[in-house]
Structures are given as structure tokens and as C-alpha cells.
Amino acid sequence: MVSKKTIEARKAYYNEDVVLSKEAHDFYHNLDKHGENHNLDKDNLKTIIFGSLDGIITIFAIVSGCVGAKITPTQVIIIGIGNLFANAISMGFSEYTSSTAQRDFMLAEKKREEWEIENCPSEEKQEMIDIYMNKYKFDSEDARNLVEITFRNKNFFLEHMMSEELGLIVTNEDKNECLKKGIIMFLSFAVFGIIPLSAYVAYTVFFGYTDYTTSFLVVFISTLTTLFILGLFKSQFTNQKPITCALYMVLNGMIAGMVPFLLGVVLKNNISE
């Protein structure tokens, strides 16, 4: 999970509490020294949030459109399950391939920069001097001093240069990590995507099917409730306030659900069979 230091620091920021902010930094500074500050992998967190939100909204939209078009419950369930797994597999594979491509590009650029630092150190230093002067407005002497200090640690200089010059963050990702991201995306999409479908199945199968409007409302309420909770969870890792983040997710879900439902109703009433 996100570090306690970060949670306390954000709480202090939201409340404009300087004392709490200092306490959070001072207390957890000692924990950091002993390696006790555990941070959640930001890339995996991004994958989980994106996959879960995309899953629940995508399947919600599909079910809503089917219900609006007054498709039979059996057909809705078949269409929903088919789309759930098809989209989950597609999203997982896309995450794997994009992560692999990003990793390969990053490693290729890293090797190139390593070669240039080894064979053209003066030119590489001058590039960083120019960046410090042009981007950060350091004077010539300070820029050169910074470069000479950072160049003593070749790994730091390499990673810092890749970040400043190429906009790339050096990671230690291997192909197993890329595969892991793909699996996380698949599971996130599938687990949360099944929520609106499960609500529909529960209403139509276990409680008896009555009418299309009520079934839509059941799916609508269950989906928006889940999105609200996801929004609160997401706010723990962003700079948004919990309620603001949650309401934004609910608004997104409302639009994504209402549009296909209304389109289904209109098309059903205007297209002859």
C-alpha cells in the first residue's frame, strides 16, 4: 500500500497543518533509514486502477445498451460474458506488449547513453550543463559544478541525464515484470467488469425478472456505488480530495451508462425488426 508517510503528509496538506507535515517527515525519516518505508509500485497501481475502471465502465455500458434495447436476459448475459472475457484478454495482452515495447526502448537508450558517457564524456557533460543553464537558469559556474559533482557517480549521472534529456525513467523491468503487468490488467478488468453483470444476473435470475427499467436501475446503482468506492481508493494515491475523486468517477459512470441505455431505447423504438 501507499506509505504511511505519504498518507500523513497528504492529510497535513489538505488541512494546511504545518505541524503535522513536519511530524510526518521527521518521524518517517527514521523509518526510511532502516528500510521500513514500503511504497506501492506506482506502475502496478496505475494498471490496477485503469483496468478496474475500464472493466466496470465498459461492461456497464454494454449491459445498459442491451437492457435499453430490451434484449432478453439470456442474451444480455451471453453478450456480457463474451465481452467481459474478450476485452479482459485484449486489455491484458495490450498492457503486456506496450510494457515490453517501452522496456526495450528504455534499455536501448540506456545502452546508447552508457556508451556515450564512456567514449564522449566531455560532450555528455556539456549537454547537461546546457540543460541546467537553459532549463533551470543556473549560471555557467554553478551548472559546471553540478555536472562535475554528479558525474562522480556514473549511475546517477546516467539516470539523471536520461530523465532530463530523453524524459525516460530508468527501471529494472524484465520480461517477467511485463507479463505481470499484463496479468494484473486482465484480472483487474475481469474482476471489476463482472460487477455490473453480476448485479444484472442477481436481479433477473435469483430475484425474478420484472421489467427493463428496474433491471437497469439495479445495475446503475450497484455500478455507481462501486465507482464511488473506487474513487475513494484512487484518491489515496493522487492529489485529489476523496469526495471530489469519488464524485468524478460516479459522473463518468453515469454518462457511460446513460448514453448506451438511451441509445438502446431509441434504436429499439425506431428500427423495425
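Every residue gets a Cβ built from N, Cα and C, even glycine.
Database features (Swiss-Prot):
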{"type": "TOPO_DOM", "residues": "1-47", "note": "topological domain 'Cytoplasmic'"}
{"type": "TRANSMEM", "residues": "48-68", "note": "transmembrane segment"}
{"type": "TOPO_DOM", "residues": "69-75", "note": "topological domain 'Vacuolar'"}
{"type": "TRANSMEM", "residues": "76-96", "note": "transmembrane segment"}
{"type": "TOPO_DOM", "residues": "97-181", "note": "topological domain 'Cytoplasmic'"}
{"type": "BINDING", "residues": "GLU113, GLU124, GLU127, MET161", "note": "Fe cation 2 binding site"}
{"type": "BINDING", "residues": "GLU113, GLU116, GLU124, GLU127, GLU165", "note": "Fe cation 1 binding site"}
{"type": "BINDING", "residues": "GLU116, GLU124, GLU127", "note": "Fe cation 3 binding site"}
{"type": "TRANSMEM", "residues": "182-202", "note": "transmembrane segment"}
{"type": "TOPO_DOM", "residues": "203-212", "note": "topological domain 'Vacuolar'"}
{"type": "TRANSMEM", "residues": "213-233", "note": "transmembrane segment"}
{"type": "TOPO_DOM", "residues": "234-246", "note": "topological domain 'Cytoplasmic'"}
{"type": "TRANSMEM", "residues": "247-267", "note": "transmembrane segment"}
{"type": "TOPO_DOM", "residues": "268-273", "note": "topological domain 'Vacuolar'"}
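What Swiss-Prot annotates, mapped onto the structure for a quick look.
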residue : record                   : CB count, 10 Å
GLU113  : Fe cation 2 binding site : 20
GLU116  : Fe cation 1 binding site : 15
GLU124  : Fe cation 2 binding site : 20
GLU127  : Fe cation 2 binding site : 16
MET161  : Fe cation 2 binding site : 23
GLU165  : Fe cation 1 binding site : 15
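Segment contact holds for the transmembrane segment (213-233) and the transmembrane segment (48-68), given three or more CB pairs below 8 angstroms at sequence separation of 6 or more.
Ranked by number of Cβ pairs under 8 Å to the transmembrane segment (76-96), the listed stretches 48-68, 182-202, 247-267 are led by 182-202.
Using a 10 angstroms CA-CA radius around GLU116 (Fe cation 1 binding site), the binding-site residues that qualify from GLU124, GLU127, MET161 are GLU124. Within the same chain, residues 67-68, 70, 73, 76-77, 218-219 sit at least 6 positions outside the topological domain 'Vacuolar' (203-212) and bring their C-beta atoms closer than 8 Å to a C-beta of that stretch. Listed in chain order, the residues near the Fe cation 1 site other than GLU113, GLU116, GLU124, GLU127, GLU165 are ILE117, CYS120, GLU123, MET128, MET161, each with its Cβ within 8 Å of the site Cβ centroid.
Non-local neighbours of the topological domain 'Vacuolar' (69-75) in the same chain are 200, 204-205, 209, 212, 215, 264-265, 267-268; each lies 6+ residues outside the stretch with a CB under 8 Å from one of its CB atoms. For the topological domain 'Cytoplasmic' (234-246), residue counts in helix, strand and coil come to 7 helix, 0 strand, 6 coil, using DSSP. The Fe cation 3 site is defined by GLU116, GLU124, GLU127, and by the 8 Å test on Cβ atoms against their centroid, the other residues of the chain that qualify are GLU113, ILE117, CYS120, PRO121, GLU123, LYS125, GLN126, MET128, MET161, GLU165. Residue counts for the topological domain 'Vacuolar' (69-75) by DSSP state, with H, G and I taken as helix and E and B as strand, are 3 helix, 0 strand, 4 coil. Spacing of GLU113 (Fe cation 2 binding site) relative to GLU165 (Fe cation 1 binding site) is 10 Å (Cα to Cα, whole number).
Residue counts for the topological domain 'Cytoplasmic' (97-181) under DSSP (helix as H, G, I; strand as E, B; rest coil) come to 70 helix, 0 strand, 15 coil. Between the CA atoms of GLU124 (Fe cation 2 binding site) and GLU165 (Fe cation 1 binding site) there is a gap of 10 Å.
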